[in-house]
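The next block holds one structure in the form of structure tokens; read it before the comments.
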Amino acid sequence: MFRAVSPSHTFLGLPLLQLLLLLVQAVGRGLGRASPAGGPLEDVVIERYHIPRICPREVQMGDFVRYHYNGTFEDGKKFDSSYDRSTLVAIVVGVGRLITGMDRGLMGMCVNERRRLIVPPHLGYGSIGVAGLIPPDATLYFDVVLLDVWNKADTVQVSTLLHPAHCPRTVQDSDFVRYHYNGTLLDGTAFDTSYSRGGTYDTYVGSGWLIKGMDQGLLGMCPGERRKIIIPPFLAYGEKGYGTVIPPQASLVFHVLLIDVHNPKDTVQLETLELPPGCVRRAVAGDFMRYHYNGSLMDGTLFDSSYSRNHTYNTYVGQGYIIPGMDQGLQGACMGERRRITIPPHLAYGENGTGDKIPGSAVLIFDVHVIDFHNPGDPVEIKILSPPPETCNETAKPGDFVRYHYNCSLLDGTKLFSSHDYGDPQEATLGANKVIEGLDKGLQGMCVGERRQLVVPPHLAHGESGARGVPGSAVLLFAVELVSREEGLPTGYLFVWHEDPPANLFEGLDLNKDGEVPLEEFSTFIKAQVSEGKGRLMPGQDPEKTIADMFQNQDRNQDGKITVEELKLKSDEDQERVHEEL
């Protein structure tokens, strides 16, 4: 609606009131008509019977005005009316183009003001009159309403009605803008509005797409700002007007709300809102990231939020899984960082937008909170918080039975689990797949009394599916303290001798010498070896169960007793198996 008019368009000119354009000046003063008091009028009588509450400017000599009028004689007989022609008077005042009485009567008038002017003959058409229309020495009565006033010296008038608290950038020449507007004439007559079309007006500034006054009026505007822009006709549609809605020589008033602004040359803009201390690593292309976000348009309209779904957005960074601007904006972030990412349309959803919430050519603003990120090749990160209190010669290794305290949380500080909640330390045999792989690796090499911080990536924790209480693809943070360590047994062993076993093991087991060893005799013998320090059971398990498993392995025929033929040491079984394989 508000593009500049092409020179090829032609419009009908506005006809001026011929009577008022006559340059007839009264010769002599004339007798005139009687005034209400009975004497002749010396000057124009002005009756201001409607004065608008707001009057930003008054008519002065040299101003260009547009007005409607009815012209009558003293007896009420109408001799002319602009209303009958449906055409406003548009003319410069105070330069002799109107009868003197009208020139004087319009001075100081406000837009939308209504006046009744009584013009004596010597300030109208004098003793000559206008043949066939206005008799000599006629007093003229005009009812006038002023609809517009401007001057060739006028510029675009800009008033800020609402200024946003945050203004990341202002409109410059060559920028692309999206805005809403209501357009009226100076008297308040509406001629167009973007709101009725359900979409913003989208265009380039300073590129000839808009009337000159709008080009000027939008400059320096902030997204979210509301302005009133008054444009004189020579910076709008001039003497031709526009169609049937904007008359010739009309000043235009626009109430504008700027939705957003960008430039085709814009890149992603980053603003760090909160940077956690101790950022040792920043996200790079190929990392898998979990983050929360609020997504809004530049005017503050929220279009999406991960918080509303109570779930982070999880994706690879720099791999083309998300819009290019977000791909760029997330790289270089720290875990726990909060940042604002402003993305121009050509790096978001372009001129078409997407869905019913992101319009075409929309600038997008994401307030992002990075929860964590990792790379599929990341190892466990180990940081020693405090060394053991005493000299440590042996550290935990696979097969060892360890007891440890731990606190487990997400990287944003969300507490998940803690051994302190149960009072007792956690127990595990390292390398036995009893705990997640990352924790198992992080406990290895520890000394008793040592405290560590472990950062465990999801592929060494609960993976992309997560676990009860643990989100999918979550990086876990452990604070662990090794409480005790018992040396483990070789793989496949439930009991080992500290020295060589007895020369005749079966005789030692057969306590009553009846040639059979039931579970009671077997258990008594093994417990004696442990108590005497001659051997040890697999740590971390119930001794009774371990002994029962050992007995079960030796009771080959499962008759509840072991004979000399059934009894074999595991080392002997392993040696026999090697020979069989050979």
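Even glycines carry a Cβ here, placed using N, Cα and C.
Keep in mind it's a predicted model, so treat the numbers as computed, not measured.
What TrEMBL says about this protein:
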- 62-150: domain 'PPIase FKBP-type' (DOMAIN)
- 174-262: domain 'PPIase FKBP-type' (DOMAIN)
- 286-374: domain 'PPIase FKBP-type' (DOMAIN)
- 399-486: domain 'PPIase FKBP-type' (DOMAIN)
- 497-532: domain 'EF-hand' (DOMAIN)
- 542-577: domain 'EF-hand' (DOMAIN)
- 1-26: signal peptide (SIGNAL)
Mind checking how the domain 'PPIase FKBP-type' (174-262) divides into helix, strand and coil residues in DSSP? 16 helix, 37 strand, 36 coil
Can you name the far-off residues of the same chain, 6+ from the ends of the domain 'EF-hand' (497-532), with a Cβ under 8 Å from a Cβ of it? 543-544, 547-548, 550-551, 554, 560-564, 567, 569
The mean pLDDT across the domain 'EF-hand' (497-532) is 86
The domain 'PPIase FKBP-type' (399-486) resolves under DSSP into 13 helix, 37 strand, 38 coil
